[in-house]
Amino acid sequence: MALKTFKPITPSLRQLVIVDRSNLYKGKPVKQLTEGKSSSGGRNNNGRVTVRFRGGGHKQTYRIIDFKRRKLDMPAKVERIEYDPNRTSFIALIRYADDELSYIIAPQKLAVGDEVISGQQVDVKPGNAMALANMPVGTIVHNIEMKIGKGAAMVRSAGTYAQVVGRDQGYVIVRLNSGEQRLIHGQCFATVGAVSNPDHMNASIGKAGRSRWLGRRPHNRGVTMNPVDHPHGGGEGRTSGGRHPVTPWGKPTKGKKTRTNKSTDKFIVTSRHKSKKKG
């Protein structure tokens, strides 16, 4: 998909750059594969704000995506590629040989009419899903499971991919986009190829209103607030905050390590931080 620019007849159109979605299906999603979705506005079940600067936006219908791909050894044909407001990638509607319909994350180079299949050992081509242990070293993958049968958890955003770089005693070493190398069980499934819509990162929203359509409210800095609202707030006139940068809850930000899950440290072969320092 290409990027789309506009004749600058207004200030917002001058900087607006969006992904050209003219090739996508223009109708409604399959009703049996959708469900309602209520907007939380960034609030939890107590009604308290847990994610700031969220709210409003266009109403969305949730599309049920098959992240498990456990309908093994049954070919499916790609019926159409669709837009999904709930994620940055595009989705593909596939029809299995027994006429069952399903949505999957669309990888790059997947076209209408293509055939996809999932199984323990299948052809290495975009859209096919199989166990990591059976993939050749060097394969580009996405939709990676972290626990066997739980469904894809990693590498699902637009344009992302990981690479199988080695094997180690029933585990597979996968290099992620961040540079991190991680051990994942060989029986975890992954899908061949990179995720669709790589141009998403080059889009420019163009105006504040488009951000509001996406459900994003204005993001204001702590240093512009009052002392009651943020540790950086207050002061006479403009101030620098007067302390090292912290979150609204007083925890150090900008570089402070926050990872505490020591039980899974053994699965990280190379930290993403170390790989950056080497570069």
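Cβ atoms here come from the backbone N, Cα and C positions, even for glycine.
Remember, it's a predicted structure, so these values are computed and weren't measured experimentally.
Listed in Swiss-Prot:
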- 29-49: region 'Disordered' (REGION)
- 36-49: compositional bias 'Low complexity' (COMPBIAS)
- 202-279: region 'Disordered' (REGION)
- 209-220: compositional bias 'Basic residues' (COMPBIAS)
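Beyond its flanks by at least six residues, the compositional bias 'Low complexity' (36-49) meets 55-57, 59-62, 86, 215 of its own chain at Cβ-Cβ distances under 8 Å. Here the region 'Disordered' (29-49) is broken down by DSSP into helix, strand and coil counts: 3 helix, 4 strand, 14 coil.
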